[in-house]
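Features reported for this protein in TrEMBL:
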- A:25-30, A:49, A:57-60, A:73, A:96-97, A:118-123: ATP binding site (BINDING)
- A:159, A:162, A:437, A:440: Zn(2+) binding site (BINDING)
- A:203-241: region 'Disordered' (REGION)
- A:229-241: compositional bias 'Basic and acidic residues' (COMPBIAS)
- A:448-535: domain 'Ubiquitin/SUMO-activating enzyme ubiquitin-like' (DOMAIN)
- A:545-600: region 'Disordered' (REGION)
- A:545-582: domain 'SUMO-activating enzyme subunit 2 C-terminal' (DOMAIN)
- A:556-582: compositional bias 'Polar residues' (COMPBIAS)
- A:588-600: compositional bias 'Basic and acidic residues' (COMPBIAS)
């Protein structure tokens, strides 16, 4: 094949033949990127993606066709590219990049790593692997019409984790279980419910009324009412939700009456909750059935998904989806579990109907299936054009890195339309590493505020080390002079510690924990700050980091950047839209940095 | 049943984009017929990004045969296609991307078509011309201009990308502004709204109802009181607005001990005073649109626009919210009906059947009345003529000798080179040195012809010779994304396209738009 060298310098063009690069993710950006790489002259490419192809990918992931649905993205992407460019040498992995097989040695093989990912956990992990292997990384993302590309090089630029990202939104358990006030609360509840009934049960995803709600502390005289209500509920309490559901044979009407009548009546007995709030209204299947009017189902114009169903419509959808899920579960055999997936019609119908019924009960305006899907699936709109633009930019940054011109690399933001300065693209000079970064600093250290008497070893491991600090398999040692091992990544070694509290190991205010992740070649020193004054449902706080707040603007953009950014795309899942008029929002450079697209 | 199944499968396939432009936007795409001239790397990248989201049909016009270079930088041409017609070869592979799209090709150069059958181009929703020489652009530009077919010119030249949109008039109903103000009419309440507000008596409500009354009602109530006490003058400055907020604050229910209760809806009302007091007026852009067009909405524009009929989400119980929403919705429907009636008269007066503008379109129009936009580009003839060239724009940007404007001038000089030498500068290695001088001559003659006293650095002349008219794939990929996005805006009449020239510099990853 004639390779068009064109505007590349010859030495650069030659080096493309020999250098090996890794593409992490073979989705929207990944497909475009693979094409651009081979056509720019890259010969040795490895690509990894754990996902399989879905119909909703086909509007942009052009290496896939309808016949490929269900197959490995990485594998099909490789085959499609080879069809067009047989001379390329491509290795595909249908796997998670967080698998320990892909260790520092693996990363060292590459001259360049390019992320085309859709989630923060994997981005954090690849960031650490590239720091450990000292390989340059190009990070990118798109969301609707917006996109960005940046370059990360150990010691020279900020790493992916130098700027704290706003915490992913979570909701207090009591809000979900007792006092939802926004549609998203009901949607989260419905997703939990799905797992409780059909999927993997998770103690953190309870859906029944929470009697321990501190806001609901009862007066003694109401004890009678409570007792009688909980008697009705008695058999449900003793067995798990799933076992109970199973014992009814997943009878949709029994489930309905338990979830939307009995549980709600039970909530009503916690009357302190409803002093200031509007109390929920229980629903009764038979009553609804009797007064159901046939005209409620009149289909208007437009897409079916975009219509809001009436209450009885939701009831029928609920019944129908429970029946479908029940047979799916039966087909899979004993002890089978379903996994919730926004693109599985029955699972989505279930969440749509259950969430809407709960919204109605709690006097909220109901939502269409289309909107529920957006919120439940954290769907970020994605189109071919933005991915094409971003993948084009990635390769150009890559060429600069390979020619040793790191100083000319930029973070580039793509706007929805030319900004007030008539710029569609906003390039910014790369920032140097942050000295206080808990990942790329020479001796990373953080202070965590928690209650040593209430924090278990398991929640230290899962919530703090894994979820918050992005470790995959942490080992933890207490710096108590004896080197007590608190958590070991070897299976079975420290499991007995899991349910114990930190204080059981002598950990107290001022204790220091050394946490290592062997795979990521990463050590983090944790200073424990004991406190008894955390807000309800808050397990811990990282000191010096205001959760949910954007970091202060700084940075040195090449131009004064005062564009109004359309990051509030109408389709963007919005979790708190109550009465907030969309005011003119100007984003600082750093805030924009946190606008991480998620299309892979 | 099969119809419904196709619709459902499309809904699934296009889910992620329906969230941006809706099913009516998708419908316009599916009805569009796009013409691409020249299936070079840039051309096929653009078309790929239009075939994936599902345009109805495309036609590639290309008289070239596939070369080795083509196979090297174009994903939709392979070694097997070398020697075949480029339109045909590219159509086959692009067609594979989406079975819902109909692909066609014409094995002919655009110039030949313009000679024999210029009306051929009238049938398209948009024509996208890629890597065209200046003479073809000007000829085709004038044909399409007269036929009111939008023309998008694209060029990848080395590390520079160029787009030019040529359209006489492009109208946008849904411009999707980022920060639209609500249309609540609190300063000029309509009769039905007044009646609805009067049905509330905040003083005699129980606590639960009081704290679930929508903030719009609260503000309206207190505003009525304010107006009666202030000579019908709205609170205007900060001080007055603060005083107005205070009156609302005093309306919050107090406990027996005199402590104000937690009433979130009142807090919302206080927070929204500024928004609520926004004057209902027709903004400048819209006035201009109505002034310049024989617009059916003129009857409204003198006083106000049709009511939009939507209200923001707010704290309220469902019933109260829905009742209020219905007041606005019904008013919007009445206004739309009035517009509709007027449209009917107008249509009849020009001898057209009343159904030639649909009810649905009128409603959409009314809903977006304050977001309407019209884009009018200058023609290529105007841009190129010595008499109407936009010298001011060029000269002012060239105050900075490294402005993206310099690439525009270089591209024009390169076109001139092509006219004189029938080849682009630097395409043959042995001629690079010689071509540098020839290109310099072209630059100077261009500047002279337009009497532009600007300075173009020699570096740029060298750089453009070095490019040798190459079309690097990754620059094509960038332009392919950008151009397709603009084409989608034009086809769907949603979002505002650029006007009229876009330059991308891949060396610095910068871009600019100019009005030329």
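Residue numbers in this text run from 1 along the chain shown.
Just so you know, glycine gets a Cβ as well, placed from its N, Cα and C.
Overlay of TrEMBL feature records on the structure.
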{"residue": "A:96", "record": "ATP binding site", "Cβ contacts under 8 Å, 6 or more apart": "A:50, A:122"}
{"residue": "A:159", "record": "Zn(2+) binding site", "Cβ contacts under 8 Å, 6 or more apart": "A:127, A:131, A:152, A:433, A:437, A:439, A:440"}
{"residue": "A:162", "record": "Zn(2+) binding site", "Cβ contacts under 8 Å, 6 or more apart": "A:431, A:433, A:434, A:437, A:439, A:440"}
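Taking the Cβ of residue A:437 (Zn(2+) binding site) as centre and 10 Å as the limit, one finds 17 other Cβ atoms among all the protein chains shown. If you average pLDDT over the domain 'Ubiquitin/SUMO-activating enzyme ubiquitin-like' (A:448-535) in this model, you get 91. Proximity to chain B, defined as a CB-CB distance below 8 A, holds for A:59 out of the binding-site residues A:49, A:59, A:96. Taking the centre of the Cβ atoms of A:159, A:162, A:437, A:440 as the Zn(2+) site, the nearby residues of that chain (Cβ within 8 Å, site residues left out) are A:131, A:158, A:160, A:161, A:433, A:434, A:438, A:439, A:441.
Helix, strand and coil residue tallies for the domain 'Ubiquitin/SUMO-activating enzyme ubiquitin-like' (A:448-535), in that order: 19 helix, 28 strand, 41 coil [DSSP].
Taking the Cβ of residue A:49 (ATP binding site) as centre and 10 Å as the limit, one finds 27 other Cβ atoms among all the protein chains shown. In terms of local Cβ density within 10 Å, A:440 ranks first among the binding-site residues A:122, A:440. The Cβ of A:119 has fewer other Cβ atoms within 10 Å than any other of the binding-site residues A:59, A:119.
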